[in-house]
Each structure stands twice: as structure tokens, then as C-alpha cells.
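Here the structure comes first, spelled out in C-alpha cells, and everything after it is commentary.
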Amino acid sequence: MLATADMSDGYTNGARLKISTSSKPKFHFIAGLASGLSSAILLQPADLLKTRIQQAHQTSALLFTIRKILASPQPIRGLWRGTLPSALRTGFGSALYFSSLNALRQCIANQGALVPLHGDRDDKRTRTSALPKLSHTANLLTGAMARTAAGFIMMPVTVIKVRYESDYYAYRSIWGAGRDIVRSEGFRGLFSGFGATAIRDAPYAGLYVVFYEQSKKNLNALNFGGLTTARPLSDEPAREDNSEKQLVTSSISVNFVSGALAAGLATSITNPFDVVKTRLQLMPNKYRNMAHAVRLVLREDGVRSLFGGLGLRMGRKAISSALAWTVYEELILKAEKRWPDQDNIEQLTP
């Protein structure tokens, strides 16, 4: 995606630079993979506890669940049960998501739909984000589309992960869980709960990007992190090492806090869909479809059950999203600085 801006303040001949805010697709895939793996491994215990709590009739059993796991012969292993499918799902899911998100945003921007959020025009000499600046509507749509596509591809891993984490099933291995699902439910079983997952993830991802970009705008306006100036682009290195360190620290702080705030807001709005999705994936024979699951959950467990695991999910999402997006953005910016794409900068004459 190319965004052309006047750069006469740095060029006496009045020439303009056409600067691409895009980067190589492999950068986004690798950065997404690294960010997803790190957050999945570190926060697996919280994800496991959330799955256990959202099981039927256990919406207030957090302490009981923790005590039960800690009293087992291998408590540490029990807390990290299901780490492999979770890491595969989150790692490759994040890689696919960030790659798709970047491609969609470039496509929209190339069609002339680039609408900066940070004022009428961004300072093209500097930027803190690996993402282009789009309108709120474009942020919402691209986030939702990218998450839905990645979620569909990774759905079989998600189903296996949820079944393996739950204590409803006595699976001894991940591969055994997959074989049992296919044998008893067919390949369709590997996509149990996709409707609820898509309805949860699409608005979550869309709202997240909107809240994330808006939070960064507000924090920068408040001089959060002690510095309002963004870091230089790779073709304009910092003149002083101290300034560069301040720029890096400031952008990391803004990205991390923005990620946590955005995740908290988006999670609280979409948690009922997460509960329904978990029930569908755990008990497909009991719940025929999403609408049927909602009716049964409300009748048997009440409205409160739709917010089961909200505290855990909100805490986990806030930390994991903040970590994942901060790592992703930093890796992209460092990759662009170390391996600049010469095709991204084109000298133009007026």
C-alpha cells in the first residue's frame, strides 16, 4: 500500500518520496507466528482454567478447579495440558491472521480508502505501527474478515484443543483426540462450534483493531510513555542513540497498553459467544446448533452463565493480545529497518 505525501521539509529540490507502509508478507507471517507462540505458551494455564469453568454447571468453580489441578500427581503438567494444540492454533492462527490483515489493509488502501486516524495526515517521516491507518469502518471490516478466515482454517486444531483441555474426555494424546472425533462424529466434528466461533471472533477482531488504533491515538495525544514523537522510518535513522531508545520505549508502552485496553473492551462484549462456542465444542450431541445452545444455557444455567470465565478470559486476552501485538509490531518495524525493501521507496520528480 502506497501513500504519497509532501516531504519538502527535508528536500530542498521540492522532490517527493513515495513511501510504502507495506512490508514483505513473510515478515508479517513470521512476526505473527512468533507473537502467537509466545503468548500461547505463557498463558496456557489461564486458557485451560477458562475452558474448565465454562463447562456446564461450573461457572463459579474457579477455586475448586485450581485446587483439583494442584492436587493431581503432576500439577504443573496439568496446568499446561493442551499446550501443543494451543500453541499450534494460536501460533499459526496469528501468523495467518496478521498476514491476511496486512494483505486486506493494503488492498483497501490501494483502492484509495486510506483514511488516517491520527489527524488529517500522518507524519510520513515517522510511525509507530506496522499497520496502515484506515477508517474505523475499514478497521472493523478487515479485522473481522481476517479473523474469520484464519479461524476457519485453524478450526480443527481449536476443537481438539478444547476437547483435550476439558475433563469431559479422557484423551491420552492429541492425535488420539483427533482420531476419536473423526471416528465418532466424522470430519464435521472437527468444525463443531464454528458458527459461534465466527460470531465471537469476527466482531472481537474488528472491535479490537478499532479500539487498538483509537487507544494509540489517545495515548499519544496524552504523551503517554513520555514521548509523542514516533520512531524514524528505516530510511531515516535516528541522529542520536538516546533518542532512538526513547522512541522504542515509548512505542512499546503505547502498543502494549493499547492492546490490553482494546482486548478488555472487546472481550467483555463478545464473551457470551465464547461460552456458547465452548459448550458446542464440548457437547455437540447435547447442543444441536448455536440457537439451541443459547436457549438451553439460559434455561438451565441462567444469564449469568453466559459470562462464565469472563474474568479469566479478559485477563488472559488483555495480556496475550497486548503481548502478541507488541511483539508483532516491534518485529515488523525491526525487520523493515534491518532488511529495507528498496522497492518501497521511489524517488519522484514534481
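Using N, Cα and C of the backbone, Cβ positions are placed for all residues, glycine too.
Of all ranges given (5-23, 309-327, 328-346), Swiss-Prot attaches the label transmembrane segment to 309-327. Using a Cβ-Cβ cut-off under 8 Å and counting only residues 6 or more beyond its ends in the same chain, the transmembrane segment (82-108) has close neighbours at 1, 22-23, 25, 28-33, 35-37, 39-41, 44, 47-48, 114, 130-132, 134, 138, 142-143, 145-147, 149-151, 153-154, 157-158, 160-161, 164-165, 174, 205, 209, 320, 324, 328.
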